[in-house]
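What Swiss-Prot annotates here:
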type	residues	note
BINDING	K13, Y162, I163, E164, Y165, S166, G167, G192, G212, D213	sn-glycerol 1-phosphate binding site
BINDING	D15, T42	Mg(2+) binding site
Amino acid sequence: MNGPWTEWDHVLKVDPDKPLVDGETFEDVCQTGTDAIEIGGTLDITTEKMQEVVDACSRYDMPLYQEPSNPAVVVESDALDGYLVPTVFNAESAFWVAGAHKEWVRIDGPLDWERTATEAYIVLNPDASVAEVTEANTDQTAEDVAAFATVAERLFGQEIIYIEYSGTFGDTKKVAAAAAALTESTLFYGGGIGGYDSAYEMGAHADTIVVGDLLHDEGVDAVSETVAGVKDAHADGEI
C-alpha cells in the first residue's frame, strides 16, 4: 500500500462552501506546512464551488485532491493529483457504502482509476452532518472500531482507514484500537483538532490527522500549530 498518503502527517481539508478568514488567501493556505490539501464538504457543495477552490490552490506546489461528497460535484481537472472517495463502513444506508459509487461509474463511465482511491470511513460523532447524511451507526466500542478497521484493510484492501469525529475531539482509545489493528493501511483521523496539543495527542495514534474547520474558523496560523503538533508527535516516536 504505497500511495503518497503513507508519507503524510497532516492533511488540510478545505470546504468549498466556507470562506477563509478575512485577509487570508489560498497562497497562505498552501504555506501552512500541511502535506496535502483535500477539497471536500458534506453540505451545499456544488461543482462550481469545487472548481473555484481547485483553481485557487492549483497555482501552488501542493498535493491537491478532491473528496467528492456525491457524484454530481466531481471536478475533472488535471490540476488535481487525484480523488479520495469516501465509503462509510458503518453507514446504515447502503448508498454510502457502494451505491453512490455505482452511480458515479454509471453516469460518468470509466473513471480515472490511476488517480482514484477510496477512504474507508468509520464515522463516530452522532451529531456530525456526515453521520446524519449517511445514517451512520456511531454507537461503536473500541473493539467494534478495531474490527471495522481490520475488515476494511484485510477483506476490502482499503489503503486509507479514516476515523471521523467531525466537530468534536474523539476518543483516543478507539483511535488507538484502530491503529493497533492495522498492519499496512494508513490511519487518518479527523475531528476537533484545535491546536498544537490536540494534534500532538491524536498524532500519538493516527498516521495522519485531518484538519478542516479550524482553517475557516481561526485561520492559517492555527493550522500551522496543528502541523507542528502532529509532526512533533511522530518525530518523538509516538507512532
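Every residue, even glycine, has its Cβ placed from backbone N, Cα and C.
Here the features listed in Swiss-Prot are painted onto the structure.
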residue: K13; record: sn-glycerol 1-phosphate binding site; DSSP class: strand
residue: I163; record: sn-glycerol 1-phosphate binding site; DSSP class: strand
residue: G212; record: sn-glycerol 1-phosphate binding site; DSSP class: coil
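The Cβ of G167 (sn-glycerol 1-phosphate binding site) has N125, D127, A128, G191, G192, D213 as same-chain neighbours under 8 Å, each 6 or more residues away in sequence. Counting only same-chain residues at least 6 apart in sequence, those with a Cβ under 8 Å from the Cβ of I163 (sn-glycerol 1-phosphate binding site) are I122, L124, V145, G170, K174, V175, A178, L187, F188, Y189, G190, G191, A206.
D15 (Mg(2+) binding site) has a Cβ environment of 19 other Cβ atoms inside 10 Å. Counting in whole angstrom, D15 (Mg(2+) binding site) lies 7 from G212 (sn-glycerol 1-phosphate binding site) by their C-alpha atoms. Non-local neighbourhood of Y165 (sn-glycerol 1-phosphate binding site): L124, N125, A128, D171, Y189, G190, G191, G192, each in the same chain, at least six residues away, with C-beta under 8 Å from its C-beta.
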